[in-house]
Amino acid sequence: MSWSSSELCRAVSAVVPPLTAAAHKGQAGRVGVVGGSLEYTGAPYFAGISALRVGADLVHVFCQREAGVPLKSFSPELMVHPVLDGTDPLGEIEEQLGRLHVIVAGPGLGRRPTIFSTLSHVLQAARDRHLLLVLDADALFYLNDNFDTLQGYPNTLLTPNRVELARLYRSVMQTELKAEQVKAEHVQRLAKRLGVTVACKGAVDVIASGDIVVTCDLPGSPRRCGGQGDLLSGAAATFFYWAFGTAAASKEPPALPPSVLAAWAACALTRTAAVSAFGVHGRSTLTRDILTYLPKAFTTLFPDAK
C-alpha cells in the first residue's frame, strides 16, 4: 500500500495526545539524550530541545563532563547529567532509565572507546527495559562493529544519512556500497537484516521496516548547515512515543509501525521548518533558525492534532 503525504499527516495527527488540563507532567513523553562531548555540545542541545518543541514534557541529557556547563547554559529546559565519562556512568544513568520512555543516542557523543563501552551498556539496559530507541550520528558509527547490540530489537529507529547508511550497510551486509549508490532497496535490505526501522535521509527520505517502505519527498531547504539531523532525531523520539502509545492502547493493529510513522513525521516536520527558515534567512540559515519554525511547521502539517 502506498501512502500520500496527506494520508500520513492525518495518521500522525491521530497519535498526537490532546492538550488537556487533566494531563500531568511527563505524560506526553520523557526523553533521554545520550550525547555531548568537549567538541560537540550543539548536537545534544538540538536533539533535546527539538523533542520538547514537538511536545515532549521532559528531556534528560547524559553527556561527558566537559559538555555539562555549555549544555546547562544553552537551555534551562534540559536536565543535564554530565556523567558519561564519570567513574560509574551506568549506575547514574540507570537511576533515570526507569523514568524515561525513549532514548536518543548519538548526537555529539564522540567516538572514544570508553564512551562506546558506556553506550553499549546503556543500550542493553534500555533494551532490557523495553525502551524505544532512536540512534543517530556517532551511535550509528558504533553500530558498524556492534550491530548485534540492537539486531532483532523492533523498537529501534536508525536515522542515517546516505554516507552513514552506506557505511553500516557494508558492515552488516558484507557488500560494497558507496553513498551515491544508495537506493530504497538498500535501505529496506538493511532494515530487514537488522530487524529494525531505518530512515535514510537524502533528497528523498526513505523509511523502511520489514516489507514496508515509505518516502518523504516534501520540499526541503537547499541549506545544509549542521544540526538538522539532530532536530530530526529529537522530533522522532517524541513522535515515536506518541505513536507507540496509541498503538498499544488500540485493539486494532496500526496501519503503519509506530517507528515508521514517527520517522516520517520527523522528516516532514524538519523539511517544512527548514523551508520556512530558508525563506527568511536564505544562505544565512542556521539550525537554530529552523528550530524556531518547528511550531509553525507542526500546525501546518498536522492541523487536526488537538
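A Cβ is built for glycine as well, from the same backbone N, Cα and C atoms used for every other residue.
Taken verbatim from TrEMBL:
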- 7-301: domain 'YjeF C-terminal' (DOMAIN)
- Gly108, Asn161, Arg162, Val163, Glu164, Leu165, Ala166, Arg167, Asp230: (6S)-NADPHX binding site (BINDING)
- 201-205, 220-229: ATP binding site (BINDING)
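TrEMBL feature annotations superimposed on the structure.
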residue: Gly108; record: (6S)-NADPHX binding site; contacts (Cβ under 8 Å, 6+ apart): Gly35, Gly36, Ser37, Glu39, Tyr40, Thr41, Gly42, Ala43, Pro44, Cys63, Ala67, Ala137, Asp138, Asp230
residue: Arg162; record: (6S)-NADPHX binding site; contacts (Cβ under 8 Å, 6+ apart): Ala179, Glu180, Val182, Cys200, Lys201, Gly202
residue: Glu164; record: (6S)-NADPHX binding site; contacts (Cβ under 8 Å, 6+ apart): Ala137, Leu140, Phe141
residue: Ala166; record: (6S)-NADPHX binding site; contacts (Cβ under 8 Å, 6+ apart): Leu177, Lys178, Ala179, Gln181, Val182, His186
residue: Ala203; record: ATP binding site; contacts (Cβ under 8 Å, 6+ apart): none
residue: Ser221; record: ATP binding site; contacts (Cβ under 8 Å, 6+ apart): Arg271, Ala274, Val275, Ala277, Phe278, Thr285, Ile290
residue: Gly227; record: ATP binding site; contacts (Cβ under 8 Å, 6+ apart): Gly42, Ala43, Phe46, Leu286, Thr287, Arg288
residue: Gly229; record: ATP binding site; contacts (Cβ under 8 Å, 6+ apart): Asp136, Ala137, Thr159, Asn161, Lys201
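Summarising model confidence by region, the domain 'YjeF C-terminal' (7-301) averages a pLDDT of 97. Between the farthest pair of Cα atoms in the (6S)-NADPHX binding residues (Gly108, Asn161, Arg162, Val163, Glu164, Leu165, Ala166, Arg167, Asp230), the distance is 20 Å. Other C-beta atoms found within 10 angstroms of the C-beta of Asp230 ((6S)-NADPHX binding site) number 31, with every protein chain shown included.
Of all the Cβ atoms in the protein chains shown, 25 others lie within 10 Å of the Cβ of Asp205 (ATP binding site). Here the binding-site residues are Lys201, Arg223; the one with the fewest Cβ atoms within 10 Å of its Cβ is Arg223.
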